[in-house]
Amino acid sequence: MAAQIDIDEVHWLLDIVQCLDVGVIVLDRQYRVEVWNSFMENHSGMGPSQVYGKTLFELFGEVDEAWFRRKADSVLQLGTRAFSLWEQRPYLLHFKNYQPITGHEDFMYQNVTFLPLVGAKGEVEHLCVVIYDVTAVAILKKQLAARGGQ
Amino acid sequence: MPSTVIPLLVCDDSAMARKQLIRALPADWPVSITQATQGEEALQAIRQGLGQVVLLDLTMPVMDGYEVLAHLRDEGLKAKVVVVSGDVQEEAVRRVSDLGALAFLKKPADPDDLRRTLAGLGLLVPSTAKGPQTPPRAEPVLTVNFRDTLREVSNIAMGRAAALLARVLGVFVQLPIPNVNIFEVSELHMALTDAQRGERLSAVCQGFIGDAIAGEALLLFHDSEVADMARLIGVQPKGERDTSEMLLDLASLLIGACLTGIAEQIDVRFSQGHPQLLGQHASIERLIHLNRTRWKKTLAVEISYSLEGHDVHFDLLLLFTEDSLARLTDKINYLMG
């Protein structure tokens, strides 16, 4: 990314983050939502005003809090990334499959990346959670396994 | 030679590290420099009076920095030792201070930090020369090669990763000297089989790419040691899924810290793909299918961590693609320059 960004570009960048077809959530150290892009808005049915300042655990009962805290704490304390893969944990948030008509699965398989966000003081002040829809890959792999082709 | 000149010994197995350190010395510090490439040489030099002040690395072949400190203490040799190390575990700092080191600096040593530290210890006596300034010190000629530099870069990066690992597991991590080799792909298979030591393995693999440098990081776990790891972390994996996740988390930590450490030194930013669990309880042949048709050669950095007091080892391999070598060489040349 360019080292210097003018204010116009900030607008584009925000637009891009908004429109990415991956979920982008920024949480503070208390796991309260600060950024929520349109992927998150559309799949959860909740707008930014409904989620802002609430913790992920209040918003989504399906999140395994102990597990999430363990992942997130290591990111916040150690400053390294953490990952969650659909093979071990099919989803973080229970979203509908993108193919409600032709799809065979009821929910969206997700890979999740936890990124540390470093503030101006050099400390990790926020956590970015990026959610990828990997339903297509998961279905193919499961079909392959079912046919003994693994 | 005027008597105010301080005999300074710089001891590090890496020529690149010595060069970097000598450059970082305060320009107005009147010293005569002797170099040693490992602990035994350092002790000899100190016995000959060439090391009134010693800048000492910890991870070295033949005799490491801890042993040097122990010998100095046992023989009652008066040398003022500042440790300059890539091993930045809190326990490492504590141990060298117990052994009598006066200060600890993390690699690569920052010139300002070095000056402050030396001044703080009263070692940096401002030059009493009458002239406007002391004549510039003749910089020793050091030939530094690619492999040595990459080894030193990896050494610093793995030290950082070890410090995180030590924090998470509450253990002391024994650091090896990283191996840097250019392998034919067929040889790589042999090297991997070697790492296996006849055991069943689980492996996590993560791709990285940045600034035309690409590769894969591979972390090998020995299955027989997985239960011990879980105990150290304080988790009780309920089944295969939990175990996989534990390995994934450990791998992300080690790979992430190591890659960040390397990236910062050579000034790139790597994108990382999602890690992949290549398989569990398998032999190396089943785990890793090398793309022999595409790659002939690979640059491999091998780092084997072991945990003190536990029978736990991790083998971390950073494999760079053949076409990354040109750019990586540029970056390394810049560091050597």
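Any Cβ shown, glycine's included, is placed from N, Cα and C.
All TrEMBL annotations are machine predictions without curation.
Note on the domain 'Response regulatory' (B:7-122): mean pLDDT across this stretch is 94. Sequence annotations record features per position, and here TrEMBL assigns domain 'Response regulatory' to B:7-122.
According to TrEMBL, the 4-aspartylphosphate annotation covers B:Asp57. The secondary structure of B:Asp57 (4-aspartylphosphate), as reduced to three states from DSSP, is coil rather than helix or strand. Using a 10 Å Cβ-Cβ cutoff, B:Asp57 (4-aspartylphosphate) registers 29 neighbours.
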Composition by DSSP (helix, strand, coil) of residues within the domain 'Response regulatory' (B:7-122): 49 helix, 25 strand, 42 coil
